[in-house]
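Here's the structure we're looking at; comments come further down.
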């Protein structure tokens, strides 16, 4: 078993029940995804509302209703873009500070801090009297994202048994089993000072044949949050003059749920053991498992914590030659994901439809349609990712995204000029259909797989560090696209879709030649069955077998990394 501590067919089964704490933790994990999705989707609808623009961006409102301004440049305003993008830059920065609280204070207090950031950020946004308050509110929300990402392993570690008992049935594999936790699961929490443990945990706990589908469930919650935000914006746009305040304030509901959940659950046994509080850790383990028979699992967590602390310099290891394939792929997947243009559409869908001549109601309604397509298409990925494979979904989506973006560029080039935005009913429907075609292909490919593939390919000693780099790169380029899109739209006009379609060609060629298939391959066997067999990456695997983590007090179990 090449991964040291992976859960596989030989993994140890521990007795466990679905306890109230586990149920609360599942709700917390889902709430985190919904909240992030809501924050992604809410900004575009709000920035298309006249009442909001009149309050904070009167120059944009003036340009929006003036005929002399280019249709493509009506929303070109750095402050308006900063309202959207500041959240992601703040999230990127906060992850580094949050690592300290996660290590020193534990996951529960870190989650509470995240909840406080979210609630205060919502208050600032909902009560904003000027642009400064508005941006501060978004920055605070971003800090909440950063701290929640750090502590995201907190609800997930407690809810894993519920995922493994419930979700496996939902995906219709009929798997009946107790939670199966191996050393690798326990190992991740001591290394949980790095961000975004959710994909790692789900990848490692899931049986190989449904690993992809289970991992994508968190992404599904994000898409549902985006759809909910679009529906809220569609309703509040009719409430004058404070509808936008209601849109921003409703983010307080999931924020309050997350904070209350953190108050009512205990810290993870892994976190307590990591901080030397062994007896407390054992007591909590009994509580969350619903049984007194926890000694075998407790011993595994203690041993895994010891082994994890022996993994020195994970980021330095990440730069070594044998880890280069995984690092290059993880970084490029995040860059490519953003340069599909998806966040430009998801952030600014109502603004984009306004630019094309849609009235406010029609633009918000069209955004609701794209949000619904996003959710349904993510379900397609849950079903198909472990059947047809990662590469097939990415390559098929590449063709679909390319054709839809080229079609949009052609229609806009013909029908939407600087002074004329009269698409006509038929052409307008076609644009919405092409946008939905693009969103659907992204939702079952680059959206979830951009997170899934890195989480299942890094070796043990660099897995958490690799996921940390993955998240940081993603947040950085999300900020870049969010800050630049409306200016790019002004300067490139309809050609912005040609710009993104060219990137789709580049990323599809990369997938075709350089991305190996990982479907149905156990995580612990990636080196032997994937990297050493790939025509290009195998040259980096010389001597890879010499570097491994040996568990069980130095007694090898045949596991290599």
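Any Cβ shown, glycine's included, is placed from N, Cα and C.
Annotations in TrEMBL come from automatic prediction, not curation.
Per TrEMBL, the feature transmembrane segment maps to 21-38 (among others).
For 25-519, the entry in TrEMBL reads domain 'Major facilitator superfamily (MFS) profile'.
Within the same chain, residues 39, 43-44, 47, 56-57, 60, 110, 113-114, 117, 134-135, 138-147, 149-151, 193-195, 347-348, 468, 471-472, 475-476, 478-479, 482-487 sit at least 6 positions outside the transmembrane segment (80-100) and bring their C-beta atoms closer than 8 Å to a C-beta of that stretch. The transmembrane segment annotation in TrEMBL covers 80-100 (among others).
Tertiary proximity for the transmembrane segment (112-136) is limited to same-chain residues at least six positions away from its ends with a CB under 8 Å from its CB atoms, namely 35, 56-57, 79, 82-83, 86, 94, 98, 101, 142-148, 150-151, 245-246, 248-249, 251-252, 254-256, 258-259, 262-263. TrEMBL lists 112-136 (among others) with the feature transmembrane segment.
Among the features that TrEMBL reports, transmembrane segment is placed at 156-175 (among others).
If one looks beyond the transmembrane segment (216-236) by at least 6 residues along the same chain, the residues whose Cβ comes under 8 Å of a Cβ in the stretch are 29-30, 32-42, 44-46, 49, 163, 167, 198-199, 202, 243-244, 246-247, 250, 254, 346, 349-350, 361, 364-365, 367-368, 370-372, 374-375, 378-379, 381-382, 385, 443, 447-448, 451-452. Annotation comment: TrEMBL describes 216-236 (among others) as transmembrane segment.
Residues or ranges marked as transmembrane segment in TrEMBL: 242-266 (among others).
Within its own chain, the transmembrane segment (327-351) has Cβ neighbours under 8 Å at 40-41, 43-45, 47-48, 75, 84, 226, 230, 233, 318-319, 360, 363-364, 366-367, 370-371, 374, 401, 405, 435, 438-439, 442, 446-447, 449-450, 453-454, 457-458, 466, 469-470, 473-474, 477-478, 480-482, 485-486, 496-497, 499-500, 503-504, 506-507, 510, 514-515, counting only residues six or more beyond its boundaries. For 327-351 (among others), the entry in TrEMBL reads transmembrane segment.
Same-chain residues lying 6 or more positions outside the transmembrane segment (363-385) and placing a CB less than 8 Å from one of its CB atoms are 41, 44-45, 48, 171, 212-213, 216-217, 219-220, 223-224, 226-227, 229-231, 233-234, 237, 345-346, 349-354, 393, 432, 435-436, 439-445, 447-449, 452, 519. Look at TrEMBL and you will find 363-385 (among others) tagged as transmembrane segment.
Per TrEMBL, transmembrane segment is recorded for 392-414 (among others).
Look at TrEMBL and you will find 426-447 (among others) tagged as transmembrane segment.
TrEMBL lists 468-488 (among others) with the feature transmembrane segment.
Under the heading transmembrane segment, TrEMBL lists 494-515 (among others).
Here the transmembrane segment (426-447) lies next to the transmembrane segment (392-414) in space: the count of CB pairs under 8 Å, restricted to residues six or more apart, reaches at least 3. Among residues of the same chain six or more beyond the transmembrane segment (392-414), those with a C-beta under 8 A of the stretch's C-beta atoms are 340-341, 356, 381, 384-385, 423, 427, 430-431, 434-435, 437-438, 440-442, 444-446, 449, 493-498, 500-501, 504-505, 507-508, 511-512, 515. When pLDDT values are averaged over the domain 'Major facilitator superfamily (MFS) profile' (25-519), the model yields 81.
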